[in-house]
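Record features (Swiss-Prot):
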ACT_SITE  183  active site, proton acceptor
BINDING   40-66, 91-92, 118-120, 183-187, 216-222  NADP(+) binding site
BINDING   170  substrate binding site
SIGNAL    1-18  signal peptide
């Protein structure tokens, strides 16, 4: 066991060093005038991603369910330097609505360079699976099928611009996590679909890119409210997370791990030492607060 722990530590240090010393730099001017659609952008990571693109002079469209919050986010984008800022209220539980959002973005922005898929939904609580099917169906519908519908509707515009698709995934899409069965299922589906799509772009010699952001526990209002008293770990900054997501998108990186040191080592070791990884991760849960 001591040898395994030493190996784990060595890999963590090695990959962390590689990550920081091999990081590419991003030219913000390359984003000026680009056209960006961000879903789930009335709050949390999506809101912060909108602000990051706005600071670089992009044309922004934000979408979520709350109209007033979208108006506020769009106004803030303009203050931060967005070339233009638009908004449309939508419910991603309706695939027709998802298709409409993509078409509206293309029409209002005159095309599309970045499709950022960030919304999340479903009625599943953080707890033991008790056999209910509605949360599973809802999660797959909103967190997977609507992503595919948006991609399908925006694909022609993205092909014309040789643009980028950015998908918010999770460590739960790489390593099955307890108490989030429906959420895990939707994230594993995202990982499979968009990894496959990325390979298709490459085989067509297309410059289109797919960036999958594999995220950990981020200090969004929704995440903290849902799991804050159920896990013994610190949440990472949503502002820092958004900056890293935008950087990865602009550089057309296939994957982003954030926080890097909290996710990448476990993903690397999952297949080698699955029992050890599960034991370490399970220690973060406060079982007496989970039903």
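Our numbering is plain: 1 for the first residue shown, then up by one each step along the chain.
Just so it is clear, glycine is given a Cβ too, placed from its N, Cα and C backbone atoms.
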Cβ-Cβ under 8 Å from residue 46 (NADP(+) binding site), same chain, 6 or more residues apart: which ones? 38, 39, 40, 62, 64, 116, 118, 119
All chains considered, the count of other Cβ atoms within 10 Å of the Cβ of residue 221 (NADP(+) binding site) is 10
Sort residue 119 (NADP(+) binding site) into helix, strand or coil using the DSSP assignment. coil
Cβ neighbour count (within 10 Å, all chains shown) around residue 187 (NADP(+) binding site): 28
Can you see whether DSSP assigns residue 64 (NADP(+) binding site) to helix, strand or coil? strand
May I ask which of the binding-site residues 52, 58, 170, 221 is closest to residue 183 (active site, proton acceptor) if we compare their C-alpha atoms? 170
Just the number: how many Å between the Cα atoms of residue 221 (NADP(+) binding site) and the residue listed as 'substrate binding site'? 17
How many whole Å apart are the CA atoms of residue 58 (NADP(+) binding site) and the residue listed as 'substrate binding site'? 26
Return the count of C-beta atoms lying within 10 angstroms of the C-beta of residue 58 (NADP(+) binding site), excluding that atom itself. 26
How many whole Å apart are the CA atoms of residue 170 (substrate binding site) and residue 187 (NADP(+) binding site)? 7
Using DSSP reduced to three states, classify residue 52 (NADP(+) binding site) as helix, strand or coil. helix
